[in-house]
Amino acid sequence: MSTKKKPTITKQELYSLVAADTQLNKALIERIFTSQQKIIQNALKHNQEVIIPPGIKFTVVTVKAKPARQGHNPATGEPIQIKAKPEHKAVKIRALKPVHDMLN
């Protein structure tokens, strides 16, 4: 199996690409992205769903508590006790149909 790392667009590269496409300066683009991030964070804190066009959905979900259980160390086979995990909130990020359609 190949372990080659896929190419990634960095934050600065994204700012440059958006600036070139919109003909706005990078400082303004950075302020827009920072503002968007703050708005998303605030919405998620208030359990609101956020959809970013064309179709990326952020949702707050509650992860159920998990009791302590018996497990084993896969390397040695030695039995171990796995700690209980309390109920907590997590962010679920999902690509909607328009994003999936872009790939096909």
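Placement of Cβ uses the backbone N, Cα and C atoms for every residue, glycine included.
Taken from Swiss-Prot as is:
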type	residues	note
SITE	LYS57	site 'DNA-binding'
SITE	ARG69	site 'DNA-binding'
SITE	HIS72	site 'DNA-binding'
SITE	PRO74	site 'DNA-binding'
SITE	LYS83	site 'DNA-binding'
SITE	LYS85	site 'DNA-binding'
SITE	LYS92	site 'DNA-binding'
SITE	ARG94	site 'DNA-binding'
SITE	LEU96	site 'DNA-binding'
SITE	LYS97	site 'DNA-binding'
Rounded distance in angstrom between the Cα atoms of HIS72 (site 'DNA-binding') and LYS83 (site 'DNA-binding'): 13
ARG69, PRO74, LYS83, LYS85 filtered to the recorded sites whose C-alpha is within 10 Å of LYS57 (site 'DNA-binding'): none
Between LYS83 (site 'DNA-binding') and PRO74 (site 'DNA-binding'): CA-CA distance (Å): 17
Recorded sites near ARG69 (site 'DNA-binding'), in sequence order, restricted to LYS92, ARG94, LEU96, LYS97 and a 10 Å Cα cut-off: none
Set of same-chain residues at least 6 away whose C-beta sits under 8 angstroms from LYS83 (site 'DNA-binding'): ALA68
Secondary structure at LEU96 (site 'DNA-binding'), reduced by DSSP to three states: coil
Cα-to-Cα gap, ARG94 (site 'DNA-binding') vs LYS85 (site 'DNA-binding'), nearest whole Å: 24
Pairwise Cα distance for LYS92 (site 'DNA-binding')/LYS85 (site 'DNA-binding') [Å, integer]: 19
Integer Cα-Cα distance in angstrom, LEU96 (site 'DNA-binding') to LYS85 (site 'DNA-binding'): 30
Most Cβ neighbours inside 10 Å, all chains, among the recorded sites LYS57, HIS72: LYS57
Spatial neighbours of LYS97 (site 'DNA-binding') that are distant in sequence (at least 6 apart) but have CB under 8 A: GLY55
